[in-house]
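*Asks:* I have a structure here, written as structure tokens, and I will follow up with some questions on it.
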Amino acid sequence: MDPPQNFDQFSLKRILMNDTQRKMIAVEGNFNGHQEPAVVVIEKYAFDEASVLNVCNAQTKFKKNLENDVYKSFSCVPPYDENISSNKMDIIYPATDKHILKFSSQPLYFVQETEEMYQTITLPHILGSSLSLQWLYNCLEYKSEKERIKYDTASENQKDDEDNGFLLLPDLKWSGKLNELYLLAIIKKRNIKSLRDLTINHLPLLKNILNKGSAAIYKLYGVEQSQLRIYVHYQPSFYHFHVHFTYLMHTPPGINVGKAHLLTTIINNIEMQGNYYQKATLDYTIKESDPLFNRFEEKGILRKAKLIDESNNA
């Protein structure tokens, strides 16, 4: 279902997240006449030369906030220029509860997930309540986003494309600017959900993604493999195995400890022990309102923490 083409009829329900570091805000609302919720994510683009020249302009209005010796601080309002892009907007409509949860600001907790915890708690949760992957299958079957595919292993007539093939597509978070490069390698096999499923049998696939994905990015954008951060999320946002390629000088969300695992490290671990990721205890963060948190809480593994009163901080 497509959302309306303008916001004349948009009603704001609540702010889900206001990330001051990323300059990103996510809100929930709906379009009048439609009961289905919508998630709207607005993020400021990074500055480029054109943006700087637009601000450092004789028509920019300045208001001095502070002056002390050589240091001066201003609030400034540059002249409007429709050719200068200032914000990126993504709309999810109709949005499910899982989409709303994904963009909601929540207390975070660390989980130390053992093999047993994965088999008895996490895996049943994944099998029972994951987001629909139809959008992804549409890509793999060339029904959607075909024009966005930057590299396809099938283009090289790879004999084992079904087992080791993948598509390389821009992540929705990528603005298109080279210094914010962000692509996803999405595998064609449909039986690998996450890091936990990887075994020694998948080494050819992982090395194929590492080598051919990096080579394709160098050919397309001139970025060396040594300038790429290549990693996997656990827990991922969707349970079909995929690999993130980001420019090393860019700091996108999800690269922190407790989320990102470097692909080279994954390969090395599996080469040392073929079933490493079935046996390993994996640490990751989880939101308090995530249904998976409730499963851990029911088992007495996690418990809700008391809110910190920031007014008492020195």
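The first residue you see is number 1, and the count goes up from there.
For all residues, glycine too, the Cβ spot is worked out from N, Cα and C.
Features from TrEMBL:
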type     : residues                                : note
BINDING  : TRP135, GLU145, ASP171, LYS173, 233-244 : substrate binding site
ACT_SITE : HIS242                                  : active site, nucleophile
*Asks:* Fewest other C-beta atoms within 10 angstroms of its own C-beta: which of the binding-site residues TRP135, TYR239, PHE241 fits that?
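*Replies:* Relative to the other binding-site residues in TRP135, TYR239, PHE241, TRP135 has the fewest Cβ atoms within 10 Å.
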*Asks:* Quick one: among the recorded positions HIS233, HIS242, which has the most Cβ atoms sitting within 10 Å of its own Cβ?
*Replies:* HIS242
*Asks:* Test of understanding: give the count of other CB atoms lying within 10 angstroms of the CB of GLN235 (substrate binding site).
*Replies:* 21
*Asks:* Return the residues near VAL243 (substrate binding site) by Cβ distance under 8 Å, restricted to its own chain and a separation of at least 6 in sequence.
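*Replies:* Once residues fewer than 6 apart are set aside, VAL243 (substrate binding site) is near PHE166, LEU184, ALA185, ILE209, GLY213, ILE230, TYR231, VAL232, LEU263.
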*Asks:* C-alpha of GLN235 (substrate binding site) to C-alpha of HIS242 (active site, nucleophile): distance in Å?
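*Replies:* Computed Cα spacing between GLN235 (substrate binding site) and HIS242 (active site, nucleophile) is 12 Å.
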*Asks:* Show which residues of the chain containing SER237 (substrate binding site), separated from it by at least 6 in sequence, have their CB under 8 Å from its CB.
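*Replies:* Spatial neighbours, sequence-distant, of SER237 (substrate binding site): LYS102, LEU131.
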*Asks:* Fill in the CA-CA distance, ASP171 (substrate binding site) to the residue listed as 'active site, nucleophile', as an integer in Å.
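*Replies:* The Cα atom of ASP171 (substrate binding site) is 11 Å away from the Cα atom of the residue listed as 'active site, nucleophile'.
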